[in-house]
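Colleague: This is the structure I have questions about; it appears just below.
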Amino acid sequence: MTSYKALGLVNTKDLFAKAVKGGYAIPAYNFNNLEQLQAIIQACVETRSPVILQVSSGARKYANATLLRNMARGAVEYAHELGVDIPIVLHLDHGDSLELCIDCIESGFSSVMIDGSALPYDENVALSRKVCEYAHARADYVTVEGELGVLAGVEDDVVAEKSHYTMPDEVEDFVKKTGVDSLAISIGTSHGRAKFTPEQCTRNADGVLIPPPLRFDILAEIEKRIPGFPIVLHGASSVPVEYVREVERYGGNLPDSVGIPEEQLRKAAKSAVCKVNIDSDGRLAMTAAIRRVLTTKVDEFDPRKYLGPARDELKKLYMHKNKEVLGSAGRA
């Protein structure tokens, strides 16, 4: 059994309180390998941003729980080596059972998400409450994220064909009965790189898909019901057109790719939304760089020669997110 404090990690309690008050959001970047972790820490150190290292159950299986725990410890030491002790959270993304959440907590996670959003309301409440009871009883308080509403799309093992918006009249009851520390809501974001169908979008003069706007009216109503409570946005990648085109230029095929416009994320970050999840953008940035290297240098076979540029592109992207989108730069 490992305490997250022994790894140098923090939970989200104070970070979220400061973010809500300060009108910015903390980045939650998914990772499952060394290069992704290097890019995240470098970007957040250089922008002086707190960060949530986010791991899905699939990523945890891929990376191995023991290696992952030590990667998190290494991330803290690496940031210190780079000269800035930024706050770092290790968070389970989309935990689907009490057992998984307990396993992650006991292996050093400082925050977990229990996703019972696909369950009937009462079952979601009961499951989320059990996770909170365990996490909050620890000597080192572990924070818990719950979810109301369902996001469409695919993210590792999480699959949903249709979105179901969060119902504002449920949030106060849910938060009170479960004891969750933050709440993921559904206001129009989706998982994956094709967040909307072409039929849901319009097109600009260049033929680029323009998605429908987020439901800020739902967010505003939720904020009225639970003022100051930390809100989380999943599926918040912007799916930059330049990365999609780069992937396709070098042999990929990513039809109908569309994400959440950054101006809408900026607006959300100034509200009670204090955690914004970004995964697909990172995948696109790395894949574009890797395809470019392997296509233009056909004799290259040293992984460092294509994973290095992928890491550098990811760092560049995340520095932009921290500084220009989420407002987390300078908040460490």
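Note that the numbers count up from 1, one per residue, in the order the chain is shown.
Glycine residues also receive a Cβ, built from the backbone N, Cα and C atoms like all the rest.
Pasting the relevant annotations from Swiss-Prot:
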| type | residues | note |
| --- | --- | --- |
| ACT_SITE | ASP93 | active site, proton donor |
| BINDING | SER56 | D-glyceraldehyde 3-phosphate binding site |
| BINDING | HIS94, HIS191, HIS234 | Zn(2+) 1 binding site |
| BINDING | ASP115, GLU147 | Zn(2+) 2 binding site |
| BINDING | GLY192, GLY235, ALA236, SER237, ASN277, ILE278, ASP279, SER280 | dihydroxyacetone phosphate binding site |
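Give me the lay of the land around each of these features.
Modeller: With a 10 A radius on its CB, ASP93 (active site, proton donor) counts 26 other CB atoms from all the protein chains.
Non-local neighbourhood of GLU147 (Zn(2+) 2 binding site): MET113, ILE114, ASP115, GLY116, SER117, ASN124, LEU183, ALA184, ILE185, VAL232, HIS234, each in the same chain, at least six residues away, with C-beta under 8 Å from its C-beta.
The Cβ of SER237 (dihydroxyacetone phosphate binding site) lies under 8 Å from the Cβ of ARG193, LYS195, GLY259, ILE260, ILE278, ASP279, SER280, ASP281, GLY282, LEU284, each of these being in the same chain and 6 or more residues away along the sequence.
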Colleague: Between the binding-site residues ALA236, ILE278, where is the Cβ count within 10 Å the lowest?
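Modeller: Ranked by other Cβ atoms within 10 Å, the binding-site residues ALA236, ILE278 bottom out at ILE278.
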Colleague: Let me know the largest Cα to Cα distance in Å among the dihydroxyacetone phosphate-binding residues GLY192, GLY235, ALA236, SER237, ASN277, ILE278, ASP279, SER280, as an integer.
Modeller: 12
Colleague: Just to be sure I understand: of ASP93, HIS94, HIS191, GLY235, which recorded positions have a C-alpha no more than 10 angstroms from the C-alpha of SER56 (D-glyceraldehyde 3-phosphate binding site)?
Modeller: ASP93, HIS94
Colleague: Reduced to three states, what secondary structure does DSSP give SER280 (dihydroxyacetone phosphate binding site)?
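Modeller: Its secondary structure by DSSP: helix.
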Colleague: Can you tell which of the binding-site residues (HIS191, HIS234) has the fewest other C-beta atoms within 10 angstroms of its C-beta?
Modeller: HIS191
Colleague: ASP93 (active site, proton donor) to ASN277 (dihydroxyacetone phosphate binding site): how many Å between their Cα atoms?
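Modeller: Per the Cα atoms, ASP93 (active site, proton donor) and ASN277 (dihydroxyacetone phosphate binding site) stand 9 Å apart.
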Colleague: Out of GLY192, GLY235, which has the highest number of nearby Cβ atoms, where nearby means within 10 Å of its Cβ, if these are the binding-site residues?
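Modeller: Selected residue: GLY235.
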